[in-house]
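Colleague: I'd like to ask some things about the structure below.
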Amino acid sequence: MVKRYAVILAAGQGTRMKSKLYKVLHPVCGKPMVQHVVDQVSKLGVEKTIAVVGFGAEQVKEQLGAQCEYALQEKQLGTAHAVMQAAPHLQNLEGITIVVCGDTPLITAETMEALLEHHMTAGAKATVLTAIADDPTGYGRIVRNSDGHVEKIVEHKDANEQEREIREINTGTYCFDNRMLFQALTKVTNNNAQGEYYLTDVIEIIKADGGIVSAYQAPSFDETIGINDRIALAEAERIMRDRICRQHMKNGVTIIDPACTYISAEATIGRDTVIYPGTVIEGKTVIGEDCTIGPHSEIKNCHIGHRTSIRHSVAHDSEIGDDVTIGPFAHIRPLSKIDDEVRIGNFVEVKKSTFGKGSKASHLSYIGDAEVGADVNLGCGSITVNYDGVHKYRTKIEDGAFIGCNANLIAPVTIGQGAYVAAGSTVTDDVPGRALAIGRARQVNKENYVDRLRGKKKS
């Protein structure tokens, strides 16, 4: 078995992005573009993956961690110069090296695997991944010989009229015999207008030395798009989003309007779940089977069980069980845990709280820093008053408690098992189990008050 290696070019600053964030760290569907590339390369069975880093090296290393070894390109002097920085890691090894740009997040493991296999079958020393472009302006053109191998790569500015008609372009992804690659790199010069060392010159050197230079055509130009500005970033986002939605639909998820649905690359969704338009599913969210999500809901890093409905609502960094109903217009804030068969209704905010099985907060409530037991009913306008201006305090509501409408529970406080809190109460002390707490002023009716009031106004 021939050993495989990978070099990922991730040193560019990306000035056209006009951003403080380094280019390869810009996210596509929630994942940095270089992470997309590394994740796909990891499926190829490579012995080593070398990430060539430069601008933002520490941030790139922090993102990729132990998935890669690293080579530093201190000065950006061209693509051949970048690959040369990987020499201490690879130059004396036998095998095949694939070179991929870190700003091509749409490339797939399937296409790279096909490139590697074609390289072996063709007996090539170098193989170029090509693509057919509708508009090849600005790309290097692939000129093939009668055997179908690469005769030369002609840059757009150097191409004659006939060559400019060619729509097969160089994508910037290559496969090389590893030893020959690093031998050829020592012969590359910077005798050009930009004074840079170009990897395309390696192709010419290998060909001049008698090596076969082959080409493998990618199934879709979209896979090969390089991200150099925000316009290309948005296009890659659109393509990736469509790809993600299609994969979920193939797996049994109904997405009513994929064009109006955002699902991160790391989300998992069970079959027979329905996603309505305007829904945003971010991070490593897991959604079970037979759920209804949306319309217009935002879910981030949540774990959601089966048969749960979330409509017109926001949920972040929380656990939500089976058969739960959330919304419309509810907000589940981080570190909340909602057990099975719970209802969180309209205009209810839950913050860093737990709800036991079967409990309900159906309307206009704030439940923060609370432990709510099972089968608890929180009436309209229930508030856990958790903040005194300096510290946060917790409220505990035990199983079966009933909290009347417009009740304020001043934390720290415990409402005992099966206890009742009367509507309109402000509760400052613990309530024993099965007791009724009434914390409000007694009603006083003033007879004939309105007549006296109106009489004063007339006079």
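Note: Cβ is positioned from N, Cα and C throughout, glycine not excepted.
What you are looking at is a predicted structure, and each value in this text was computed from that prediction instead of being measured.
In case it helps, Swiss-Prot gives these features for our protein:
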- 1-230: region 'Pyrophosphorylase' (REGION)
- 9-12, Lys23, Gln73, 78-79, Gly140, Glu155, Asn170, Asn228, Arg333, Lys351, Tyr366, Asn377: UDP-N-acetyl-alpha-D-glucosamine binding site (BINDING)
- Asp103, Asn228: Mg(2+) binding site (BINDING)
- 231-251: region 'Linker' (REGION)
- 252-459: region 'N-acetyltransferase' (REGION)
- His363: active site, proton acceptor (ACT_SITE)
- Asn386, Tyr387, Ala423, Arg440: acetyl-CoA binding site (BINDING)
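Map these features onto the structure and tell me what's around them.
Modeller: Within its own chain, Lys23 (UDP-N-acetyl-alpha-D-glucosamine binding site) has Gly12, Gln13, Gly14, Met17, Met33, Asp103, Ile227, Asn228 as residues 6 or more apart in sequence whose C-beta sits under 8 angstroms from its own. Under DSSP, Lys23 (UDP-N-acetyl-alpha-D-glucosamine binding site) is assigned to a helix (H, G or I) in the three-state scheme.
DSSP classifies Asn228 (Mg(2+) binding site) as coil under the three-state reduction.
Across the region 'Linker' (231-251), mean pLDDT in this model comes to 98.
Non-local contacts of His363 (active site, proton acceptor) by the CB criterion (under 8 A, 6+ apart in sequence, same chain) comprise Gly345, Asn346, Phe347, Val348, Gly379, Cys380, Gly381.
Within 10 Å of the C-beta of Asn386 (acetyl-CoA binding site) there are 22 other C-beta atoms, taking all protein chains into account. Look at Asn386 (acetyl-CoA binding site): DSSP puts it in coil.
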Colleague: Rounded to a whole number, what is the top Cα to Cα distance in Å among the residues the record ties to acetyl-CoA, namely Asn386, Tyr387, Ala423, Arg440?
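Modeller: Largest Cα to Cα distance for the acetyl-CoA-binding set is 22 Å.
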Colleague: Under a criterion of Cβ-Cβ distance under 8 Å and sequence separation of at least 6, what residues of the same chain contact Arg333 (UDP-N-acetyl-alpha-D-glucosamine binding site)?
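Modeller: When sequence neighbours closer than 6 are ignored, Arg333 (UDP-N-acetyl-alpha-D-glucosamine binding site) has His316, Ser318, Glu349, Val350, Lys351, Lys352 within Cβ distance under 8 Å.
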Colleague: What's the number of neighbouring CB atoms sitting within 10 A of the CB on Asp103 (Mg(2+) binding site)?
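Modeller: There are 25 of them.
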Colleague: Please report the Cα separation of Asn170 (UDP-N-acetyl-alpha-D-glucosamine binding site) and Asn386 (acetyl-CoA binding site) in Å, rounded to an integer.
Modeller: 61
Colleague: Going by C-alpha distance, which of the binding-site residues Leu9, Ala11, Gly78, Gly140 is nearest to Arg440 (acetyl-CoA binding site)?
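Modeller: Closest by Cα: Ala11.
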Colleague: Tell me the Cα distance separating Ala423 (acetyl-CoA binding site) from Tyr366 (UDP-N-acetyl-alpha-D-glucosamine binding site), rounded to the nearest angstrom.
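Modeller: Cα-Cα, rounded: 16 Å.
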